[in-house]
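**Student:** According to Swiss-Prot:
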- 1-31: region 'Disordered' (REGION)
- 1-13: compositional bias 'Low complexity' (COMPBIAS)
- 17-31: compositional bias 'Polar residues' (COMPBIAS)
- SER32: phosphoserine (MOD_RES)
- SER64: phosphoserine (MOD_RES)
- 125-168: region 'Disordered' (REGION)
- 127-139: compositional bias 'Low complexity' (COMPBIAS)
- 146-168: compositional bias 'Low complexity' (COMPBIAS)
Amino acid sequence: MSNENLSPNSSNPDLTKLNNGESGTIDTSKFSPNEMKLYKMYGKLPSKKDIFKHTMQKRKYFDSGDYALQKAGIQNNDPINYGKNNLPLTNPSKLREDIIKRRISTCPSTASTAGVVDNATLIQKEGSISSGPPSSNNGTIGGGSTSSTPVGNHSSSSSSLYTESPIR
């Protein structure tokens with residue numbers, strides 16, 4: 001070979017002289033600019049145009065978890081549709097329906113039959129923070145009467161500040 005500059009950045013290398021012992025010559029006049037650049041850099045063109053798509057088609061497993069599950073003989077029975085490259089395609093409406101069904105099935109008021117609520121559920125609802133203050137009926141939670149004893153080590157003279165008056 002001659003002392004030509006054959007780097008990928010060189011402006012005018014003669015690629016027809018670079019047949020590397022092949023019997024045929026390469027017609028570079030039909031190459032696109034991108035193909036010409038690749039040929040200058042690597043001396044040949046890649047066999048597949050879309051390399052990423054080609055590698056994804058060869059791939060059997062999405063990740064190591066899928067590989068381990070198949071080796072263990074466990075089949076995934078999820079109703080998820082898979083595309084050509086085995087990536088899950090989500091169905092937003094189906095996902096919303098599943099979430100709503102799950103929430104309804106775990107709700108304690110719908111778990112009881114025909115609107116009959118048992119006492120444990122009623123007490124749990126009354127004692128919860130989100131239900132608000134307890135009702136003012138006779139069945140108060142926590143003993144019934146309020147205590148007006150002073151808190152801490154105070155003298156008995158300070159107990160006159162704490163009178164038994166209902167808060168209304």
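Backbone N, Cα and C atoms are what each Cβ position is placed from, and that goes for glycine too.
Owing to the predicted nature of the structure, the values given are computational and were not obtained by experimental measurement.
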**Student:** Just to be sure I understand the packing, how many Cβ atoms besides its own are within 10 Å of the Cβ of SER32 (phosphoserine)?
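**Tutor:** Taking all protein chains shown, SER32 (phosphoserine) has 8 Cβ neighbours within 10 Å.
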**Student:** What is the separation, in Å, between the Cα atoms of SER32 (phosphoserine) and SER64 (phosphoserine)?
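**Tutor:** Given the Cα positions, SER32 (phosphoserine) is 39 Å from SER64 (phosphoserine).
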